Amino acid sequence: MDYLPMFARLEGRPVLLVGGGEVALRKARLLLAAGARLTLVSPEIEPEFAEFAGRFTHLVERFTPAHLAGQLLVVAATDNLEVNALVYQSANQLGLFVNVVDDPKRSSFIFPSIIDRSPLMVAVSSGGKAPVLVRLLRERLESLLPRHLGGLTELSGRVRDKAKQVLSSISDRRRFWERAFASNTLAGLIEKQDWQSAETWLNDGLDKAQSEVGEVVLVGAGPGDPGLLTLKALQQIQQAEVVLYDQLVSPEILDLVRRDATLVSVGKKAGAHSVPQEETNRLLVEYARAGNRVVRLKGGDPFMFGCGGEELEVLAAEGIPFSVVPGITAAAGATAYAGIPLTHRDHAQSAVFITGHCQKEGKEPDWQQLAVTQQTLVIYMGLMRSEHIQQQLVSHGRSCTTPIAIIEWGTTARQRVLTGTLAELAVLAQQAVSPSLIVIGEVVSLRKQLAWFGEKSGEKRDVQAGTDMNGCDLKLVNLA
């Protein structure tokens, strides 16, 4: 860190500005806006300084070190390098903070680029290394930060003391303010400059805050690549006080959770269910009843084979407020990163997503429907039952030469794609690791042309031939 960011209160404090040109005019405008008691030293000044008449002292003379007496800050804004150097050296000897415009080496402080929503201020600086980049960032921030933020900040200051009296806990106050600032109702009142109604709304919210139940937001984390996280999902995980997350949520996405949030792993893995669903349901209710803003973070989309609906049923029965933020499901994300389109005019007019897990009481899906051609079949969590899936599809008419792919860790740096035919599915599944997605259909053949993401290609090996009832050679797993 080359510079320590800090905000200086200059109201009524003495500041010396050396120079009278356009650059000095810009600095004068900024310093006077901050309330500085400004003294300007320059033989000549721009006519535009007239707009500040009566607000500064103009000494019509050349700079000498004597001008520094009693000053708090010094700014040199001339086009004379010798004068600027003299200002810097003289101020430095007296231990004064000095800025030489556009000369970081001769500045003990610098002016950042400012986004002004007074009293809310945002400052951006590159330490003088990349002013164009700073300007672009400032323009972006200006467009992102609504104009009503200043009024909202003023209003918050008026209610702050009452919030401390009503809510003794820091976490309770933080929760109250986060919800208030995220409220569309409050934002609407501020935008209309209806300050009285806005203040009433905040005070009413404080009166209710102590007895408030929290809320749960069901958030889809997408297939793994943090760049595929939706903007709304990012906002929710950065506002959450408690995050209950699944096994499939990538570490890169968990790194985006705010640092003081409580992280609770409720992950499950095939063959090793570490947290029962009932316990997850209990935790959701418990944390929400304690008044927390809870995010239930699930890989992919929360309503796609993720028990999202079941969890919301529990919350609804318990009277817990909830909302849902959809995510990109693995079937869409992983196939795209593998270069496999789910539908294609020549190869697939439909796509079907199923889970490889057994249904209740061993009920089987409609294999006849799943085995039709010109259809892409995507199977979640299907590795452990791959041999059964293979046999059922072939026995119901799906060709054993149908192209298939198994995508491991789709959309992440660990992505690997194993390809082959339906006859080889069971053996390829033995070579794959979870989490994996099975894709069956003619569209897989397009991967040779369309693969673009830097995954490793899988190789077929240790394959043993068998024969099914239709005479199709199936490569089955040798368990001997």
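Even glycines carry a Cβ here, placed using N, Cα and C.
What Swiss-Prot says about this one:
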REGION    1-202  region 'Precorrin-2 dehydrogenase /sirohydrochlorin ferrochelatase'
BINDING   E22, V23, P43, E44  NAD(+) binding site
MOD_RES   S126  phosphoserine
REGION    214-480  region 'Uroporphyrinogen-III C-methyltransferase'
BINDING   P223, G299, G300, D301, T329, A330, M381, G410  S-adenosyl-L-methionine binding site
ACT_SITE  D246  active site, proton acceptor
ACT_SITE  K268  active site, proton donor
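In sequence order, G299, G300, I328, T329, A330, A332, G333, A334, Y337, G410, T411 are the residues near P223 (S-adenosyl-L-methionine binding site), counting only same-chain partners six or more apart with C-beta under 8 A.
Here the binding residues for NAD(+) are E22, V23, P43, E44. Their largest Cα to Cα distance works out to 15 Å. In terms of Cα distance, the recorded positions that sit within 10 Å of the residue listed as 'active site, proton acceptor' are K268, chosen from E22, V23, P43, K268, D301, M381. In the structure shown, the C-beta of D301 has more C-beta neighbours within 10 angstroms than that of any other entry among the binding-site residues E44, D301. Confidence over the region 'Uroporphyrinogen-III C-methyltransferase' (214-480), given as mean pLDDT on the 0 to 100 scale, stands at 88. Cα distances from the residue listed as 'active site, proton donor' to the recorded positions E22, V23, E44, S126, M381 are smallest for M381. In sequence order, A77, D79, V101, D102 are the residues of the chain that are 6 or more apart from V23 (NAD(+) binding site) and have a CB within less than 8 Å of its CB. Counting other CB atoms no more than 10 Å from each candidate's CB, the recorded positions S126, T329 peak at T329.
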